[in-house]
């Protein structure tokens, strides 16, 4: 499978998983979201394993390095998130509370099973889409900095939250982690870990 076909299939899978719940009654939409997000994550992992390494992924890497950067990246991602939030407030006076996060916490409180979609399914799909499919495709034809900026901006826009700088900064950081080890598992570990800490921490504090 070519990189173009892989990227197209990855993005199409994400789009279907993202949009499909809207076609179901509200009473079923959360369950459909959970099922499609988990299915989508598993499917993207399978086609990733079948597709093989691309570009900078062909550099030698080991699991010790991947785990070190992945786990360390969880806490660095939270730091990046905090700094980006402060920058947004200083520049635009954007309210500190994230509507996206507030909505997610509300859903998890009412339907605890939904936490699996937020902390596992969603982050895994986003890494395969915005980092491996979009970023890698662009990086193979354009300067790396341009690929990082475009993929991170798209990542931010997809959250429909108003916190453009915050999500773009996280997108840039996850792209850096991916490039640093040449393995998408690094940014997946950090993204999943960050979401889990934020959601669980917020649940305990509210």
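Backbone N, Cα and C atoms are what each Cβ position is placed from, and that goes for glycine too.
Curation plays no part in TrEMBL annotations; they are all automatic predictions.
Here's what TrEMBL has on this protein:
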TRANSMEM  7-24  transmembrane segment
TRANSMEM  30-54  transmembrane segment
TRANSMEM  66-92  transmembrane segment
DOMAIN    111-196  domain 'CAAX prenyl protease 2/Lysostaphin resistance protein A-like'
TRANSMEM  164-181  transmembrane segment
TRANSMEM  188-205  transmembrane segment
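Per-residue pLDDT, averaged over the domain 'CAAX prenyl protease 2/Lysostaphin resistance protein A-like' (111-196), rounds to 94. Cβ atoms under 8 Å from those of the transmembrane segment (66-92) belong to residues 163-166, 168-170, 173-174, 177, 180-181, 183, 185-191, 193-194, 197-198 of the same chain, restricted to positions at least 6 beyond its ends.
Counting residues of the domain 'CAAX prenyl protease 2/Lysostaphin resistance protein A-like' (111-196) by DSSP class, helix then strand then coil, yields 73 helix, 0 strand, 13 coil.
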